[in-house]
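Colleague: Below you will find the structure I want to go over with you.
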Amino acid sequence: MSIKEDKWIRKMALAHGMIEPFADGQVNLNPETGEKLISYGLSSYGYDLRLSREFKVFTNVYNSLVDPKRFTEDTFISITDDVCIIPPNSFALAHSVEYFRIPRNVLTMCIGKSTYARCGLIVNVTPFEPEWEGYVTIEISNTTPLPAKIYANEGIAQVLFFEADEICEVSYAERKGKYQKQQGITVPFV
């Protein structure tokens, strides 16, 4: 397996719709206001994805136990805004601005941006499997004892693309993965 470079990512995004919308290069300034942004877009060996304006912030108002087999929407408060405040020692779900279509011979890994990590915010995204497509559901944990702010339409994590030496026998699409073509924020289900 080898990591893919910027030229390959650009070609796959523009010719095959692997990433839509696609920012060809690192964007770190708002083009309208000149304000500094947490960067997003194409980098040397990856692509920095952005958060959308939709968030689900964890609340324990209706639950006393988190059970991944019986998870309900009322576990979260829904927010649509340019920023989201995550309570201390809590977490939020969001989804990417970008829609991804992963080729059959590719697996991705997603790593949180250091800007957030250095503030005590941990980003978790599972791998995008061969032939998976959809908006990425992103989990952001606030490990600090203080409220933490995250920004919509700015970078949150870097996606690394790995090309396999051989094609897999069964892709995510073929095994009818439960998160295939997910739209918006998708909460866990079994």
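Including glycine, each Cβ sits where the backbone N, Cα and C put it.
Per Swiss-Prot, active site, proton donor/acceptor is recorded for GLU139. Residues or ranges marked as dCTP binding site by Swiss-Prot on the basis of sequence analysis: LYS113, SER114, THR115, TYR116, ALA117, ARG118, GLN158, TYR172, LYS181, GLN182.
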Colleague: If one measures from the C-alpha of LYS181 (dCTP binding site) to the C-alpha of GLU139 (active site, proton donor/acceptor), what distance in angstrom results, rounded to a whole number?
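Modeller: Their Cα atoms are separated by 18 Å.
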Colleague: What's the CA-CA gap between THR115 (dCTP binding site) and the residue listed as 'active site, proton donor/acceptor' in angstrom, rounded?
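Modeller: Here the two Cα atoms are 16 Å apart.
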Colleague: Where among the binding-site residues LYS113, LYS181 do you find the Cβ with the fewest other Cβ atoms within 10 Å?
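Modeller: Ranked by other Cβ atoms within 10 Å, the binding-site residues LYS113, LYS181 bottom out at LYS181.
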Colleague: Around ALA117 (dCTP binding site), which residues of its chain at least 6 apart sit with Cβ under 8 Å of its Cβ?
Modeller: VAL123
Colleague: Can you check which residues sit near GLN158 (dCTP binding site), meaning Cβ under 8 Å from its Cβ, same chain, 6 or more apart in sequence, and list them in order?
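Modeller: Looking at Cβ-Cβ distances below 8 Å from GLN158 (dCTP binding site), excluding near sequence neighbours, one finds SER43, GLY46, TYR47, ASP48, LEU49, CYS110, ILE111, LYS113.
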Colleague: Should LYS181 (dCTP binding site) be counted as helix, strand, or coil on the basis of DSSP?
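Modeller: Where LYS181 (dCTP binding site) sits, the three-state DSSP reduction gives coil.
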